[in-house]
Structure formats: C-alpha cells, structure tokens
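Trainee: Feature table excerpt (TrEMBL):
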type     : residues : note
ACT_SITE : A:Lys77  : active site, charge relay system
ACT_SITE : A:Ser152 : active site, charge relay system
ACT_SITE : A:Ser176 : active site, acyl-ester intermediate
DOMAIN   : A:24-463 : domain 'Amidase'
Amino acid sequence: MSLVEKTAAQLQEMIHTKETTIAEMTEKAFDRIEALEPEVDAFLALNKERATQLAAEMDRVPFAERGPLFGLPIGVKDNIVTEGLVTTASSRILEGFNPVYNATVVEKLKAAGMVTVGKLNMDEFAMGSSNENSYYKKTKNPWNLETVPGGSSGGSAAAVASGQVPFSLGSDTGGSIRQPAAFCGVVGMKPTYGRVSRFGLIAYASSLDQIGPITRTVKDNALLLNSISGYDDKDSTSANVEVPDFTAALTGDITGLRIGVPKEYFAEGVGEAAKEAVLEALKVLEERGAICEEISLPHSKYALATYYLLASSEASSNLSRFDGIRYGYRTEKAGSLLEFYMNTRSEGFGDEVKRRIMLGTYALSSGYYDAYYKKAQKVRTLIKKDFDDAFEKYDVIIGPTTPTPAFKIGEIIDDPLTMYANDILTIPVNLAGVPAISIPCGFNNGLPLGLQIIGKYFDEETVYRVADVFEQATDFHKKTPQTWEGAAQ
Amino acid sequence: MAKMTKEEVIEVAHLARLAITDEEAEHFADQLEAITNAMELLNELDTENVEPTTHVLQMVNVLREDKSTPGLDRELVLKNVKEHEGGQVKVPTILE
C-alpha cells in the first residue's frame, strides 16, 4: 500500500474499498517519515502516539459522516500552535513550549477529521528564505540534499515533496509558502489576506502573514483550503466573506481568460531558466484558450525595500512578548529584571531574528519613523494600486515564483541582501494582500521551478482553475525526487 | 543615509531589549547599514500625496457586546510558566 503517490480522492477510495484503514495509513506515514527523516530533516516533533490512537478511533466513524479529507495525515508548520504538541517556531526562545489551546486552523483540521502527524521545521519565526535559520535543524531539499528547500515553510514543502505526508500547512509573509513550494516542486497557496484565520499563528508581521496549504496536486490544495477558510471572531483581521467550494472552480475551462504578464517579473536578476519555463507555461495556457498580454506593475522594484521595513517593524513589535517570564526559554544569567529580559532575548533569538528586530526598532524610532516606516506604508499603497489597476483588465497575473531554482546550503547565508532577493517576485503579493499559488512548471539541472499565478481579492477560484488546467496539461507534478525512490512505502 | 555606527546599534539593541557584545554590534552595524542603504531606493518616489496603507482590506472596528466570557483556566495559563506561586507569575525583584 503506497500512500505517497495518491491524491485525497484516491486515498479515500482505498479506505472505502477496505484496501487500507486510517490506522494503517497513519502507521505507513510514520514508517515513511522515520525512513526519510535522517536525510530530509523536515520534522521538529512527531505526534505518533496520539495520532495512532486517534486513527484507530476514526476507523469506527461511519462513512456517511466523513468528509473528503477524513483520516488523512497532515503536517503542520511549527509556528501554528497545537494543543499538547510542542510548538517552537524553530526558535530557542520557545524551547519546550507546550500550547494549551489549538490555532483555529488546527481546530478546523480536527473538524475535517485530518490526523496531525507532526510539526514541521521552518526558519526561526518565519524569517528566512532557505530554512537555514532554524535553531534546531536544517531541512534539506528532497530533490538534491545539498540544496535548501526554501523558506520559511521549508519543512512543510520538503515533507510533501518527499512523500512523508500528502498535505501540510505553511505560512506566507513574503513568499514563505510559494518559494519553498517552487524549490520543492509542490503546490503552495497563499490565500487572500483574511481568508484564513491567523488565531494561533505565532505572529511575524501581522499585516502580511497568512496561513495556507501545501500539497502535491491543485485539487488537493483546493480541498484543504476549503477546510481551513472562513471567518473567525478570534481574529480581528479575519474577513467575513463567504467561502465557496474551491474544488467546484476546477472546470477545466479557461477560454477567453485574460492573463497579465508583468514585464518586471522578467527583469534583470530573474534567471533564464525561470523565464523560459514560464514562457512555455504561458504557451500551454494560450493553447487552452487564454489570452496573454504583457503588462507593467511599475512599483515592483520597490517591493523588497518596502517589505523589509514593514515586516521588520511589525516583527519588532510582535516579538516584544518573548521575555522568558510566562513561557519558553529563560536565561540563567539574571540580575535585575532588565538584565533578565535582555539576556533571555539575546540567548533565545537567532541572528536573523535579531537583525530584523533591530531594523524594525530603528525604522520605528522617533527620528526615522517618517523616513522609513511611514514612507514604506505609502509605497505599499502604490504597490497595491498596481495590482488594482491590472485586475481591472486581467483575470490573473502570471510570472515565475522565484528568480532561480534552489541554491546550495550555506551559499548565501552570510549575505542578507542576496538572500532577501529570493522573495522579490512573491513579496508584492503579500503587500497587496491578494491570493497567489505556486505550481511546478519545469526543471533546471534537476531542480524544480515554480509558476506563480496571482488572483484578485478573494478570487482563489480563478487562480485554482488556471493552475488546474496547467497541471492537467503537463507532467511536472508527477515527477518525484531521488529521496522518493527506495524509501519505505 | 548616514553611516550606521556601532554606538547607534547598541542604542537600538537596548531599545529592543537585546544584549549585544561590541563585536556583534560591529557586525550588525555593517549589515544594517547595507540594508538601510538598500531601503533608500524608496526615496526615488514622490509620495507626498499618497495615503499610507496599513491594512489591505476595508476594515471596520470589530465590536462585541460587553459581556464576560470564560477565558483560559488559570491552571492552564500557568502550565508553561517556569516560576509561579499562589496562582501568580513570579518575576525577578523589581524594587530593591
């Protein structure tokens, strides 16, 4: 019985025809995780005992009461709190933190009957583009273990790409779902800001963060978004809008659909391989009846600077709650209360987190507030307007997800600006708050490339429809990495 | 953008409640200077008459009835607290 190549529908069919049980499926998932973890290092914590027990109970639930994801295993990014399962956001400062409640999305996974098998590695507090900033371990890209899986949801993408789990949740502040999905050759969706509750997501930059699904197929992704979306009165920024059935949008018909292709997403710094793969993808979509036209998002080049000022400012505020008093790591070297705070935070946070806290504190400090923070908020308006204008004429905007495929571990870790440039094509989407997906669209030297499809506010349906048409027309999503072969099925 | 000095970094670190060594301060000064220099790009844009965006959606105040609802149980709240006594969180001495 192999679960690794199956979709949600196929897995349900296997359970229904008694080819397998939820208990057996869960056991196989753990077998595969245990076989692959020494190579991939995607998980920070496993939930084996409780998941095994839960799976056995779930086998007794009548078929009529089960939804499409019932009994299926899922991994959750470690910045999403899970009751009774250690949650650290990959930071030393939350070492051993055992949440006493669930994030809303976790409650929703439970309600859908999904089995949380464990917590996935990430860049500390979701700050990073390579997964090298975790305090605990470095996750490897299943396609080439010497390269990074991307960040910050690198564990979530690598676990799906290596077949350890068919589904995972990530979070995306500047591209943290889409960039690792592109690097690992899987499907990653950042929904519209406000579509999915952020209650229980350990905050990095609250005006940009959004939880989203990572899967191997577009349809599975739509199914998972169905189950985690919706208004939540525990999140004051949650959008009170209707949640459609996203799978119903997968009609296969994109005749007459208008695609804007921003010239800025093909500018200097974006590699040839990424450009060519996307141009080929556009041909595929044109053959299916879409109309592609070059457009301009003139403020794209300002997005990176805008993002780092705003995200760092919000982070400096959000991360002020980590003081060692109420939870997590605390220093042994304490004199006064002030020293206690300062030592705890210095020992607890890693370098990238400190860098961003300091940048944010600087940008918000009285002498620089107008020059940096307020300026960036104004440029954000211009970036958002670029999208508003484009979406008056176009149904979706398409470009590469990342400028290059995955890079080598250690290659650019000491060069923050080059590292930040990885997110240059994904960041504008977070600043505007619109939805976007990354799906596999090619390979370069054996490493996957991602196609980014950006949609209008709350129009994930059209994004999924286009993604599904491309997936149906191509085989990229069927290819599997080297780690896949020979591992326990 | 003026050069970011080691002293400025130490001041910012203090504001952010981070203890850093002289050596770290120098390292961060170089990196933060490079980063803030890159941010200078925004000054190319005239934003005189542009409204800032703090939130992408049209948001209204979220209000609820002024009615008390049960919160987390005190024992649960204290579960992750390393030092507590009589249902209260202990902190290092504030007043000598």
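Cβ coordinates come from backbone N, Cα and C, glycine included.
Curation plays no part in TrEMBL annotations; they are all automatic predictions.
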Trainee: Given A:Lys77 (active site, charge relay system) and the residue listed as 'active site, acyl-ester intermediate', what distance in Å do their CA atoms have, once rounded to a whole number?
Mentor: 11
Trainee: Rounded to the nearest Å, what's the C-alpha distance separating A:Ser152 (active site, charge relay system) and A:Ser176 (active site, acyl-ester intermediate)? Just drop the number here, would you?
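Mentor: Pair distance, Cα basis, whole Å: 5 Å.
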Trainee: Where does A:Lys77 (active site, charge relay system) sit by DSSP, helix, strand or coil?
Mentor: strand
Trainee: Around the C-beta of A:Lys77 (active site, charge relay system), how many further C-beta atoms are within 10 angstroms, looking at every protein chain?
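Mentor: Other Cβ atoms within 10 Å of A:Lys77 (active site, charge relay system): 33.
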Trainee: Can you work out the mean pLDDT of the predicted model over the domain 'Amidase' (A:24-463)?
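Mentor: Mean pLDDT, the domain 'Amidase' (A:24-463): 96.
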Trainee: Ten-angstrom check, please: count other Cβ atoms within 10 Å of the Cβ of the residue listed as 'active site, acyl-ester intermediate', all chains counted.
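Mentor: Looking across every protein chain shown, the total is 36.
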